[in-house]
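TrEMBL annotations:
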{"type": "DOMAIN", "residues": "B:15-505", "note": "domain 'Major facilitator superfamily (MFS) profile'"}
{"type": "TRANSMEM", "residues": "B:27-45", "note": "transmembrane segment"}
{"type": "TRANSMEM", "residues": "B:51-74", "note": "transmembrane segment"}
{"type": "TRANSMEM", "residues": "B:86-105", "note": "transmembrane segment"}
{"type": "TRANSMEM", "residues": "B:111-131", "note": "transmembrane segment"}
{"type": "TRANSMEM", "residues": "B:152-175", "note": "transmembrane segment"}
{"type": "TRANSMEM", "residues": "B:187-206", "note": "transmembrane segment"}
{"type": "TRANSMEM", "residues": "B:242-261", "note": "transmembrane segment"}
{"type": "TRANSMEM", "residues": "B:281-302", "note": "transmembrane segment"}
{"type": "TRANSMEM", "residues": "B:309-329", "note": "transmembrane segment"}
{"type": "TRANSMEM", "residues": "B:411-437", "note": "transmembrane segment"}
{"type": "TRANSMEM", "residues": "B:458-477", "note": "transmembrane segment"}
{"type": "TRANSMEM", "residues": "B:483-501", "note": "transmembrane segment"}
Amino acid sequence: MNALKKYLGVVWMLLGPIIIMFLFMQAIEKIGLAAEGIARTNTTLQWSIIILIFIPICAGLVIFGYYGWKGEYEKLPGSSADL
Amino acid sequence: MQSTDKNVTQSITQVIAASSLGTLIEWYDFYIFGSLAVIIGQQLFPSDAGASALINTLAIFAAGFIVRPFGALVFGRLGDLIGRKYTFLLTLVLMGGSTFLIGLIPSYSSIGYAAPILVLILRLVQGLALGGEYGGAATYVAEHAPVGRRGFFTSWIQTTATLGLFLSLGVIVLTKNMLGAEAFADWGWRIPFLVSILLVGVSIYIRMKMHESPVFTKLKAEGKVSTNPLKESFQKKANFKMVLLALFGATMGQGVIWYTGQFYAQSFLENTCKLDFNESRYVLLWAILFATPFFVVFGSWSDKVGRKWIMLTGMLLGVICYRPIYQYFIDATNVKEFQKTELKSASDPVVERTLLNDTKDSLITTTVFKTLNNGMTFKEAKVVIIPDDVLAPLPEPQTVIKDVTLSGSSYIIIIALVFFQVLLVTMVYGPIAAFLVELFPTKIRYTSMSLPYHIGNGVFGGLVPFIATLVASFSGSTPLSGLWYPIGIAALSFVIGAVYINNKGDENVAD
């Protein structure tokens, strides 16, 4: 199980940037498709908010993967004293 | 001994009642805006698209999910510094006050753009308050609950989000039926907002009489309260890695299961399956009514078998069952196909002709009310645009199906399938408060558990409608394509939870 935790860590580290790239590509496409005027402004606003929110979340996923890779989750704390 | 047990139980009952009532009212306050968004838009926003459309988008989109994690940080920090009781009392006042004020805002025709701007400000306050409320209530109850029954006691808090939705739908339907659609749209929509102040007043009174959590009181007496809970929660690696684990291994999956079962199902039935407005809401009301007790069942069960596998089973069942369930929704409401063999009667056509804005073209709508042999009814509207230019070619008429009502058997099956989805919600959501509370130490618990909860629930869950609609807009997509978002997130969370989380949590929450 510890080996699985470790190797899956690499998957999570890769997944973070992939998601952000996908979101950027989608944002560019969908903003381009939106009608000129208020509809485009709204679409741009929504996508900007989504990307801004997901950048730290994806960074968190990369850090989570890094911790997994480094074996930080091999033994979880048994009590709060271990934290 | 029996007497002592009885006193403890009574005390915890009061704690649960005070916490749950307040949290229920906060959810009620939060939901009524969403349910009445169309009417509020007509009253408080100008009819032409402009700056108000942006404010409207922000008010619904931003406060719905973006602001909640910030509320979790602000009020979580306060809760770990000054205590649980006063913090979640403050969130209740802020939430109740802003809801009441939304009910008082003059219409756009009276005060112009001040109306939508005030709505936006009050919505942001609501979002912040909601972000701070849940962590406080869950922590407060958990810190009163005896060892071995924490899942059971905190599960009462878990019922409140669903009951808040139930109450908001119920009050709106009741008010609308009592006043009539016209008066409700004109001024009656304010009543659900204004009524909430009475409920908030009662809740504040009850909460004021409660004492601070004994665990936090002890910590404070010993001078061990955290001086900087944010720093300790997110800069200390040992704790931060647990915050990440809670988010990716539990709350992220819980959020998408929660929103899919309770919101996407109803919106799918209404928008994709064209179910009648009331019918789609009654389906959800019945499903919620039958499923709500299971929050307590699964919360209690998690005390015996552990939290992890109950939550993960809920996610896995969602991953496996969502597509067949939604396929049934489509098949059972496919009246276009049914009418080829099942058409029983059709009313006389009603023809309406309207002039289109900004052109001299006109729109002719021919509506027929149809009944099928299997008991289903629906409206079929043929819409055609007649160009002003008599030489221009006539466009093909478009057929629109609307207001589908179900027959007895398919109505019951659809309620059962929505019930099953809400049952999955109870599996992932019932034990999660106890799970989160047990993951973090007392001095930073409020802060540490609130953020992953609100990112999981508010961001991942709150984005279900937006991302599902987005995925459904991809080329080659089908009406079921939107489900790939909750399925993918739930599957990811299931794998992370299964591999990384321990089934046995820390029983001691007093440290």
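For all residues, glycine too, the Cβ spot is worked out from N, Cα and C.
Note that the structure is predicted; figures quoted are calculated from it, not measured.
Sequence-distant neighbours of the transmembrane segment (B:242-261) (same chain, 6+ residues past either end, Cβ-Cβ under 8 Å): 161, 233-234, 311-312, 314-315, 318, 322, 418, 421-422, 424-425, 428-429, 432, 435-436, 439-440, 448-449, 451-453, 455-462, 464-465, 483, 485-486, 489-490, 492-494, 496-497, 500-501. Using a Cβ-Cβ cut-off under 8 Å and counting only residues 6 or more beyond its ends in the same chain, the transmembrane segment (B:27-45) has close neighbours at 52-53, 55-56, 60, 64, 95-96, 98-99, 102, 105, 107-108, 115-116, 119, 123, 126-127, 130, 160-161, 163-165, 167-169, 171-172, 184-185, 189, 192-193, 196, 199-200. Contact between the transmembrane segment (B:483-501) and the transmembrane segment (B:309-329) holds: at least three of their C-beta pairs are under 8 Å, each pair 6 or more apart in sequence. For the transmembrane segment (B:86-105), the partner stretch with the most Cβ pairs below 8 Å, chosen from B:152-175, B:187-206, B:281-302, B:309-329, B:411-437, is B:187-206. Remote same-chain residues near the transmembrane segment (B:309-329) are listed as 250, 253-254, 256-257, 260-261, 268-269, 272-273, 298, 301-302, 413-414, 417, 420-421, 424-428, 430-432, 435, 479-480, 483, 486-487, 490-491, 493-494, 497-498, 503 (criterion: CB distance under 8 Å, separation of at least six residues from the stretch ends). Contact count against the transmembrane segment (B:152-175) (Cβ pairs under 8 Å) is highest for B:281-302, out of B:187-206, B:281-302, B:411-437. Taking pairs at least six residues apart, the transmembrane segment (B:281-302) and the transmembrane segment (B:187-206) share fewer than three Cβ pairs below 8 Å and do not count as touching.
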